[in-house]
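Worksheet: the structure to be examined is printed underneath.
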Amino acid sequence: MAKQPQPISPLKNFFAGGFGGVCLVFVGHPLDTIKVRLQTQPKPQPGQAPLYSGTFDCFRKTLVGEGVQGLYRGMAAPIIGVTPMYAVCFFGFGLGKRLQQRKPDDVLTYPQLFAAGMLSGVFTTVIMAPGERIKCLLQIQAATGETKYSGSLDCAKQLYREAGIRGVYKGTVLTLMRDVPASGMYFMTYEWLKNILTPEGKSVSDLSVPRILFAGGLAGIFNWVVAIPPDVLKSRFQTAPEGKYPNGFRDVLRELIREEGVASLYKGFTAVMIRAFPANAACFLGFEVAMKFLNWVVPGL
């Protein structure tokens with residue numbers, strides 16, 4: 001295994017992780033919108049066709065009906081949240097690695113890297129949960145024809161007014177169930193791919209742009225293979241009317257399995273996988289480029 005760079009700088013990771021997150025959202029948000037609309041579309045009545053027949057039909061109808069702006073609907077909430085979220089995410093991963101080291105130059109095993117990644121998922125949920133709630137509500141309201149929220153801030157205000165902080169953080173447990181194991185897979189896969197793509201005698205910090213893009217993109221795919229089922233439950237739960245699921249995700253799971261079968265847990269799979277590679281490739285490339293820039297400009301930070 002190639003030697004891992006040590007130590008971590010929290011401030012550098014804040015800026016580098018934030019820049020990587022902005023890159024991810026900008027590249028991946030259109031397909032995230034498609035994913036949420038597919039996951040939350042109502043079950044069609046007998047004899048009626050579903051609102052969207054699939055990923056490309058949803059993309060076409062959104063583009064025709066709302067233009068490019070429709071694909072980027074709800075992006076303000078994740079953009080506002082990505083800088084601190086990805087700063088905490090990458091810092092959490094670094095902290096998880098350091099907590100498992102006996103000496104600063106210890107090289108961690110892949111199970112240890114997975115555990116460190118899981119810690120980053122715990123850290124990011126505090127920021128991620130309300131942003132996900134707002135994003136999902138804004139993404140589906142255009143499809144329903146009802147304009148309840150004028151934007152991200154208005155949505156947050158209304159949620160708080162209606163149900164307090166619990167309304168804003170609805171779906172936190174499901175966000176944890178999605179992000180903790182998925183983050184472990186995400187970072188472990190990225191580190192594994194960087195190591196196997198590093199030529200003999202070279203450092204992982206010298207990887208070429210195409211190899212970083214490949215490692216980051218595949219890490220995103222592995223992340224979403226783990227994350228899709230709880231993400232479907234989360235999207236349904238966060239966009240449901242208040243009181244529809246009194247027992248939380250268990251009610252959502254039972255309803256989905258009963259009415260639509262196990263395959264319903266993988267709704268939006270195509271949109272997620274199409275999005276996962278370019279979005280996460282952009283994220284890790286943005287992070288690595290920003291980190292190199294910061295190491296060059298402020299090496300002692």
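Glycine is no exception: its Cβ is also placed from the backbone N, Cα and C atoms.
So that you can see what the record holds, here are the features copied from TrEMBL:
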- 8-99: repeat 'Solcar' (REPEAT)
- 108-196: repeat 'Solcar' (REPEAT)
- 207-293: repeat 'Solcar' (REPEAT)
- 12-31: transmembrane segment (TRANSMEM)
- 75-95: transmembrane segment (TRANSMEM)
- 107-129: transmembrane segment (TRANSMEM)
For the repeat 'Solcar' (207-293), give the DSSP counts of helix residues, strand residues and coil residues.
73 helix, 0 strand, 14 coil
For the repeat 'Solcar' (108-196), would you mind checking the mean pLDDT of the predicted model?
89
What is the number of residues in the repeat 'Solcar' (8-99) that are helix, strand and coil, as DSSP sees it?
71 helix, 0 strand, 21 coil
